[in-house]
Amino acid sequence: MSSSANITRISSMDALRALAMFLGVLLHAVMAYTVKPFEGMYQDPLYRSSNYDLIFFSIHTFRMQLFYLIAGFFFRLLYYRIGVSAFIKHRTQRILVPFIVGLFLILPLTYLPDVFYTVTGHATHFTTNDFLTIIHDIFIWRGPLHLWFLYYLLLFYVIGIFIIKWRTALVKDLEIHIKPALILPLLLILSFLTLVLFDSPYIQYTPGLKPRISYILYYGLFVYAGWLLHRNMKVYFLPLKKYGLLFMIAGIFCALVVYYFAYFPITGNAIITADWQIKLLMTLTTVTLVLGFLGVFLRYINAESPVMRYLSDASYWVYLIHVSIVNAVQIWVGNTTLWGPLKPLLCFIIPVLVALATYQLFVRYTFIGYYLHGSRKAVDNSKKIIAGSMK
């Protein structure tokens with residue numbers, strides 16, 4: 001395989017990983033405007049629409065599964081490129097350190113807008129006692145929130161390295177004997193069986209640091225699928241590019257069926273009610289959308305782009321810090337007379353712009369950027385961004 005082929009294909013996967021991060025910002029931005037409220041989350045008192053339930057549901061059906069598949073792809077790529085010791089050091093720098101720092105710095109700032117709004121009586125007063133209460137409350141442990149994905153990613157690395165190191169023969173045997181034609185039905189069957197382990201057909205947020213076997217098996221399956229995808233790029237990339245649009249259409253159709261007949265029935269009463277039926281349809285939705293996005297990006301977003309590379313680099317930082325900004329904007333616009341649909345739009349655009357600005361000013365060329373994505377040279381990259389924007 002040529003080096004150029006490797007570059008374009010990895011560019012597609014980089015772009016997909018960035019998409020998963022930015023979709024996470026959009027998902028959190030619309031949560032204040034859904035008709036179905038989320039427990040413990042701020043809800044706009046003046047504007048809600050079922051359109052945002054649909055947006056939330058659609059993104060939630062495939063985003064993290066796609067992310068973990070891409071993580072599995074880069075897991076194998078990096079592991080065999082640099083070796084186990086360098087891999088552990090690399091992942092410690094990029095994942096473990098940001099996770100630990102995030103628990104102590106990012107999470108308190110994430111809680112700050114809502115805690116401030118509550119303690120100050122919807123910002124009607126601010127006393128010394130209010131200040132002390134706010135400082136106390138933002139450090140109360142409420143779980144890893146949006147940082148949970150880093151925690152499980154670390155678990156998958158530990159499990160994966162253990163399997164590679166002590167079960168090499170078994171892993172090789174599985175990889176060699178899994179026929180390409182069996183991958184899709186196996187992915188469907190196994191993802192359905194692991195989804196059965198959940199109490200709800202709609203996967204919920206995992207609140208604590210106690211590993212949950214259902215999450216490990218379910219998302220671990222997609223990590224392994226990504227591992228196999230990297231191992232057999234020549235075999236799988238061509239059919240993915242060929243049928244990506246068909247998978248996408250099928251996934252959208254399945255998502256609409258589940259949404260309108262089970263999750264948010266248009267008739268008021270769900271037509272599809274059996275747990276196994278919903279989980280089966282959710283499995284079809286998830287797998288086809290994941291494969292659809294893979295195929296579409298491999299086919300159409302397959303060229304090196306300075307702008308796309310920049311957004312890919314920035315997406316990690318954007319996702320880490322966005323929740324507090326989203327919450328602050330939601331509260332800020334909550335009691336205003338702004339046109340309803342403009343509110344969630346602002347709750348997406350403003351956090352992204354603020355996060356990108358702080359990334360450029362304080363992260364990209366600093367020690368923070370070194371830990372998140374490695375060192376970057378300011379002059380070289382600025383020239384590339386300008387050149388890319390002029391194309």
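Just so it is clear, glycine is given a Cβ too, placed from its N, Cα and C backbone atoms.
Within the set 53-77, 278-302, the record from TrEMBL flags 278-302 under the feature transmembrane segment. Within the same chain, the transmembrane segment (213-231) stays apart from the transmembrane segment (95-112): fewer than three Cβ pairs sit under 8 Å, each pair at least 6 residues apart.
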